[in-house]
Amino acid sequence: MSVHHAAYIDYALRVTENMTDVMTGSDTVTLKSYQHFVSRVFLGLDKMHSLLLFHETGVGKTITTVFILKHLKDVYTNWIIILLVKKALVEDPWTYSITKYAPEILKDCIFITYDDKNFHNKFFTNIKTISSRSRLCIIIDECHNFISKSIVKEDGKQRPTKSVYNYLLKNVALHHHKLICLSATPIVNSVKEFIMLVNLLRPKILNNISLFENKRLINESELINKLGAICSYIVTNEFSIFDDVEGSATFAKKNVYFQYVNMTQKQEQVYQKAKSAELKAGTSSFRIYRRMAATFTFDTFLDKTDKTPEEIVNEQVTLYKDFEKFIKTKKFSDHALSHFKKGQSLNGTSSADDISFLNELREHSCKFTDVCLRILASPGKCLVFEPFVNQSGINILLLYFSAFNISYIEFSSRTKNTRVQSVAEFNKRENTNGDLIKTCVFSLSGGEGISFFSINDIFILDMTWNEASLRQIIGRAIRLNSHVLTPEHRRYVYVHFIIARLSNGDPTVDEDLLDIIRNKSKEFTQLFKVFKHTSIEWIYEHQTNFSPVDDESGWGALISRSIDENPTTKRVPRIARGQNIWYSHSNRMITVYKGFKTDDGRLFDSDGNFIQTIQANPVIKIHNNKLVYVLD
């Protein structure tokens, strides 16, 4: 049916043939061709009531959306624009971009923050004040967060955001409104998020069907057939975050490194106590104690058993102050700092005080110490991701920065009032090489909605629970023209995963989380392929043999067909002859996978999904006593 979708896309482009690609307010911007294409299709099809902008970070989905909002009155005269966004993103990029390029629509905009505890009340209060003569255009920025907040919890308790989700699902199409969802990572934690997002865009089209069987998408063709034109897909980097990516004229190259650092004996002892405490408390599945212990440990493990919250806080404050006092009484000599900046270790010419101080810092945190040394040796600016803010997180990391004389800004929940301006200072042209501010340390607050320029090194100190969050984090530093001011030989971003390691070789919490991320991504990759093949770009490029239409009267029926719950096309198991092999997508073999190669050269992953056909003379390397096929 995609050929029919192509006919309507063609119709929309004919209707908007004379639409300008220039947007002017107090400043002027010319849209990229892909931005203009999306805008023309969405505005040219008045009955296209919803669209997902699945655009990777840095390609300008905010500007695309502002352009659409600016031209809504080309379609209908009375619009109220409701922007559902995170608090951190109201000012920049949204208010900033609208004021700069479409100030005339600001009076029609209502900002409602979905991370506000009173979000649903504010939403419905505003809805009641809107005239029935006005059409709504609802924007959901970082829609994966909105969807996640709308999922019913395991205890069955409905979350407040779900009532807004239900309202939009019921009323957008019914009352001829429009909805745009934006995300660089539309699925983050579970397949249920895909189902909820699709049903928001195409109400009740999926129902409660099971999409996977043994981690395989049951009927990919049926989904692609029925979900045509559900999204715009602008993703040039489809590689895993763990793979190297070559640079281009507009994007910096990316190399990934796994930096394994050994815990000291003291840190190992505290780590094992943290593990025991998790088992005792029944919280081992969350791994919080181990994650913190793998990052930093005080002289003693803070046992929370039989203690009041006040006692725990007081003990934490005491431990922090003791460590802070220790840090402030010592400093590295210029000689030591000079060695660190050259990437050199302390040696026989170094003072006993410098060597002792470095060892003491490493005793408490192998990861913080390693990162500080790497920051000093980096030729440019650095980003450091640390999800924990208090206790053993950013609070302590900044003491390490002080010890190593590293200049920094902080972007976290505790710097709400200053962080936007701090990023602006960090991004200034005169700080291209990090001469004024070397590093930005950020928590999950910095994973979305902000951009960094001329970054050379990113350090991931602690894993998130999914690849999507890590992709967002890395994407903040690798954006369109993000390195245009950087010297050509430094137009790269090195991503360092800092992984704590135990002396006995047992897997640490860092390694456990890496495995979880990789397993989740297998299903998500298949769903992202569905989005790609149902995008307006893919359809318009590949479905060219269509009969033109002269109106959009048939659009509604085309997009409202339900997914077949009993697909007729099923996989037929077949036996293939071949051998188990190891393979990698990277020449440097950052990640090595187990697969199966058939006698005729077809490669399948461990779940039976086809990867590619291996060339006649493949590149095979030896890695950790394994023969590894390097895929091109």
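The backbone N, Cα and C atoms fix where each Cβ goes, and this holds for glycine too.
In Swiss-Prot, the annotation motif 'DEXH box' applies to 141-144, one of the ranges 141-144, 301-304, 369-372, 377-380.
Neighbours of the ATP site: apart from His55, Glu56, Thr57, Gly58, Val59, Gly60, Lys61, Thr62, residues of the same chain with C-beta atoms within 8 angstroms of the site's C-beta centroid are Ala184, Ile234, Arg479, Leu480.
DSSP gives Lys61 (ATP binding site) a helix state.
Under the three-state DSSP scheme, Glu56 (ATP binding site) falls in the coil class.
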